[in-house]
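Student: So TrEMBL lists these for the protein:
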REGION    1-139  region 'Disordered'
COMPBIAS  72-97  compositional bias 'Low complexity'
COMPBIAS  108-127  compositional bias 'Low complexity'
BINDING   T207, D208, D209, D431, D433, S434  Mg(2+) binding site
Amino acid sequence: MSDSANAGPSPEEQASKTDDPPPGTVEGPGGDEGSVPPAETEEEHPETEPPPSNEQSTEPHVDKAGPSVGTSDTQSDLQQDSSPQQGGAADQEQGGATTPEQGGATPGKGTPPTTEQSQTTPTTEQATPPPPQHVFRDNWSQLSRDKLVDKVKGVIYGQAIGDALGLATEFMNKTEAAHYYGKEGPSHYSQIIHDFHRSRWVQGDWTDDTDQLLLILQMIVERGGTVDSCAFAKKMDNWRKRGFKELGDYGGMGIGMTVSNTLSHHSFLTDPHQAAHEVWEKSGRYLAANGAIMRTAILGVLEFNRLERVMENTREICLTTHADPRCLASCVAVTTAIALMLQGKYNPHQPKELEQLVTDALTFGQEKLIHKDQKKEFEKHVRAKKLKDLDLENAHTMGYTFKAAGAGFFGLRTASDFLPTLRKVIAEAGDADSNGAVCGALMGCKFGYSGLPEGLLAFQHRAWLDTQVDNFLTTIGLKDLKEQ
């Protein structure tokens, strides 16, 4: 994802623009077919940034929303570094250029030194996770434990599928995507073309979007079921330098401008919220990229029975790198939607109940916004009737956090089956891996792990991922140690 594509229109621009242009549009070459994606991107997906907001800047550690949009970090990195990198897409955050990914010339797991090494199954053993602080109670959900586990796994594996398959059209426009994959979009990793950008990942590997979700997951496991921004900041810093060493990584790949600037801030490891806030202020409150929403779906699982805790945990991790209120609003909408599905409060397969679920999640997200125009803009994205209304391919706004949210909720609201809808989202191109990640996580919760396409679960590092998921399930009380 790229930050540069996340910049949205300034208040003045919003006053004069028509209803058609997306709020996250930034000045620059038009997003016509064939144009290059925004420069800054955090994950390899460009995040578009909205223009500076009229509102007062948000205070560090406070859930206030600035009016600006963000460009994707991934895009900016793509422009800054053309050398191949490791396998995760960068945080598609705001304000970034359309460069592929961050990470300098450091190779990542997507570009291992040799093909043989990339195919090697990691043998590093992980320590047994600490006893869970959260002992599962039957009254946490109206669903059975087996159904809960199915949905939780659906969130994680569904995101990984959306991310890995979305790489196929990342930074393309719809015409290019249709040329390579047909109008329906790609259906398998083997179809992904091997151009410069995509060849940095081996077939069946996810990008930085899922890398960062797994950093959150690992932090939760290591802390016995709790969330802490400084602990996450340290894991992000280590990942940036080394990646997942047990997978053969040499550094985190796909980091965009917003995340990159925040990670480089002198106070990031001691006060990441302050660091992110200062980076946002320095940008003129212009960044509203998708680098946070692409990774936070997992926080809808932790303490899902307590929505206030879900929102607090979401805030803690979102603000570690993304201070714009629009980023927080979009993250909260996704995590509360997942939590509500896990509670079993609404049946997402019943139209009326699904509509109420979306309304509740939208409301929780809008509560993080101050300006009425931003609340309306957010609702417009979340309730988009057609994918074309989201204009996901727009090179100047593709990394905007509201676009990823719109793609995700479009999948949740309209899908009757996982893969056909995911392919539609990916066929729209743009910051497709981030859009696919959010859409895959929400649909994965709706349909469960049992509803995911088996052929797309053949990830490059499947055994390692299974271990991470088992440790997480144990930590949150959904799996006994003796079951592993």
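The backbone N, Cα and C atoms fix where each Cβ goes, glycine too.
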Student: Taking the Cβ of S434 (Mg(2+) binding site) as the centre, count every other Cβ atom within 10 Å, in any protein chain shown.
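Tutor: The answer is 46 other Cβ atoms.
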Student: Taking the Cβ of D433 (Mg(2+) binding site) as the centre, count every other Cβ atom within 10 Å, in any protein chain shown.
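Tutor: So the Cβ neighbour count for D433 (Mg(2+) binding site) comes to 36.
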Student: Reduced to three states, what secondary structure does DSSP give T207 (Mg(2+) binding site)?
Tutor: coil
Student: Specify the secondary structure state of D433 (Mg(2+) binding site) as given by DSSP, simplified to three classes.
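Tutor: The residue in question, D433 (Mg(2+) binding site), is helix (DSSP, three-state).
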Student: Provide the number of Cβ atoms within 10 Å of the Cβ of D208 (Mg(2+) binding site), excluding the reference atom itself.
Tutor: 46
